[in-house]
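Per Swiss-Prot, the feature region 'Interaction with human CREBBP' maps to 1-24; the stated evidence is sequence analysis. Sequence annotations record features per position, and here Swiss-Prot assigns region 'Transactivation' to 1-48 based on sequence analysis. Residues or ranges marked as region 'Disordered' by Swiss-Prot: 1-20, 47-102. Taken from Swiss-Prot, the feature site 'Essential for Tat translocation through the endosomal membrane' applies to 11, supported by sequence analysis. The annotation region 'Cysteine-rich' is assigned in Swiss-Prot to 22-37. Among the features that Swiss-Prot reports, Zn(2+) 2 binding site is placed at 25, 27, 30, with the record citing sequence analysis. The region 'Core' annotation in Swiss-Prot covers 38-48 and rests on sequence analysis. Residues or ranges marked as compositional bias 'Basic residues' in Swiss-Prot: 48-60. The region 'Interaction with the host capping enzyme RNGTT' annotation in Swiss-Prot covers 49-87. Per Swiss-Prot, compositional bias 'Polar residues' is recorded for 74-85.
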């Protein structure tokens, strides 16, 4: 082995770069071509921009599989209903006044 110049970065050492250029082939030989090919092709890691995936939409002719909720009449009193509370207070006052037990 030849002595390596210590001032060179490891990626610039002789023999660190492959003699052939990288290509788009995904065969086993090309996946192990160099470190860059191995990470991109072999491991599937790419740091580029990712495309937006299109959301699958149902065909326009199909209906929603949800039935509308039928309207139901309100049978209970609402918490903000003041007339119902006044009626209840008057009824209670009338009952307490009617007791002659005092």
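Using N, Cα and C of the backbone, Cβ positions are placed for all residues, glycine too.
Source: prediction; values computed, not measured.
Known features from Swiss-Prot, placed on the structure.
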residue: 25; record: Zn(2+) 2 binding site; Cβ contacts under 8 Å, 6 or more apart: none
residue: 27; record: Zn(2+) 2 binding site; Cβ contacts under 8 Å, 6 or more apart: none
residue: 30; record: Zn(2+) 2 binding site; Cβ contacts under 8 Å, 6 or more apart: 23, 37, 41
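Confidence in the region 'Transactivation' (1-48), given as mean pLDDT, stands at 82.
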